[in-house]
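Report on one structure; see the data block that follows.
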Amino acid sequence: MEIILGIVMFTVIVLVLALMILFAKSKLVSEGDITIKVNGEKELTMPAGGKLLGALANEGIFIPSACGGGGSCGQCRVVVKSGGGDILPTELSHISKREAREGCRLSCQVNVKTDMDIEVPEEVFGVKKWECTVISNDNKATFIKELKLAIPEGEEVPFRAGGYIQIEAPPHTVAYKDFDIPKEYHEDWDKYNLWQYVSKVDEPILRAYSMASYPEEKGIIMLNVRIATPPPRVPDAPPGQMSSYIWSLKPGDKVTISGPFGEFFAKDTDAEMVFIGGGAGMAPMRSHIFDQLKRLNSKRKITFWYGARSKREMFYVEDFDQLAAEFPNFTWHVALSDPLPEDNWDGYTGFIHNVVYENHLKNHEAPEDCEFYMCGPPIMNQSVIKMLKDLGVEDENILLDDFGG
């Protein structure tokens, strides 16, 4: 009898657990089709499942996401009027309590499980996809390549200077030993044994890059891409997925981009413009400065201050020298933080924020009236912002591209 009772109790427990699992599945696992109403007009029907960012992209609505949907950039904002569940802790570092009450969400964090009613920025309806062809992919510095893409014939990417595109990469495996690196840069690659790395990616990825080209350079998109190698203190960490993929591209390869996106745009004023950059932060600096001078024929006073380690890390030198010769309202300066003996450098040395202060802003009659545009490594951005705050520059005159470096 006890054996029979035990079997019955065991069976009951199994049935209860099975029912609990089925109930949980009905609540947690997405099934069937759902409808998403966009901006009170467009209705999208799609299978439930996945994140809202990807679901919208599949329907041709591309929400900007500099981090590729990782939840770290905070740019893929939409307003969820109904559906979507509760806001997640990962979103609250980017969304204020007031914004959360108004329905603001990060689309990369919203699960597509039920019918939803959402609002997206109107400008995203102007975003498109293009399959581009690699024209060239050349080293401009030890760890920076210039990727030049040809837009399909008859097409145009209607971007503004300072804007960015998103680039897609399929699943891939990339070995650093196969990279085409000019010999002049081998010293550092050998020193840090960078040839050892392999980047293996098992699913499609998406990342954002600021454009180095400006709107009048028709038919092409230019990017400056820094290779994201593991930090020396954590050599076993995986290398950057997208930068590794981009560095492997060769002329003739096909690449899918979407855009344009952006908010790092120049103000339409007569104020002096001070551009401060470093590393791959060169990209939006070049785009802005060329646009102001070559397309707009701006008469504003424009200075450009760029920080690099050594002469080997300087690029677009001839381009900016030519601009300075052609436009009397433009000057540019480079500061090397660690010049090599063979550089025979007699220019500015040190960190760029100190050089800008000592040689331009220290005795400037009204630095608070200038507009400052910057893009570079995080520590450079932080140092420049502190220096500007100490000078009394208001936030509205400090414009930062914080993912282009």
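The backbone N, Cα and C atoms fix where each Cβ goes, glycine too.
Annotation comment: Swiss-Prot describes 3-23 as transmembrane segment, evidence class sequence analysis.
Here Swiss-Prot flags 32-124 as domain '2Fe-2S ferredoxin-type'.
In the three-state DSSP reading, C73 ([2Fe-2S] cluster binding site) counts as coil. Annotation source Swiss-Prot lists [2Fe-2S] cluster binding site at C67, C73, C76, C108, citing sequence analysis.
Across the domain 'FAD-binding FR-type' (127-267), mean pLDDT in this model comes to 96. The domain 'FAD-binding FR-type' annotation in Swiss-Prot covers 127-267.
The feature region 'Catalytic' is assigned by Swiss-Prot to 270-387.
Using the Cβ center of C67, C73, C76, C108 for [2Fe-2S] cluster, the list of other same-chain residues with Cβ within 8 Å runs, in sequence order, L53, S65, A66, G68, G69, G70, G71, S72, G74, Q75, L106.
Other C-beta atoms found within 10 angstroms of the C-beta of C67 ([2Fe-2S] cluster binding site) number 16, with every protein chain shown included.
Sorting each residue of the region 'Catalytic' (270-387) by its DSSP state yields 56 helix, 27 strand, 35 coil.
Ranked by how many other Cβ atoms sit within 10 Å of their Cβ, the binding-site residues C73, C76, C108 place C73 at the bottom.
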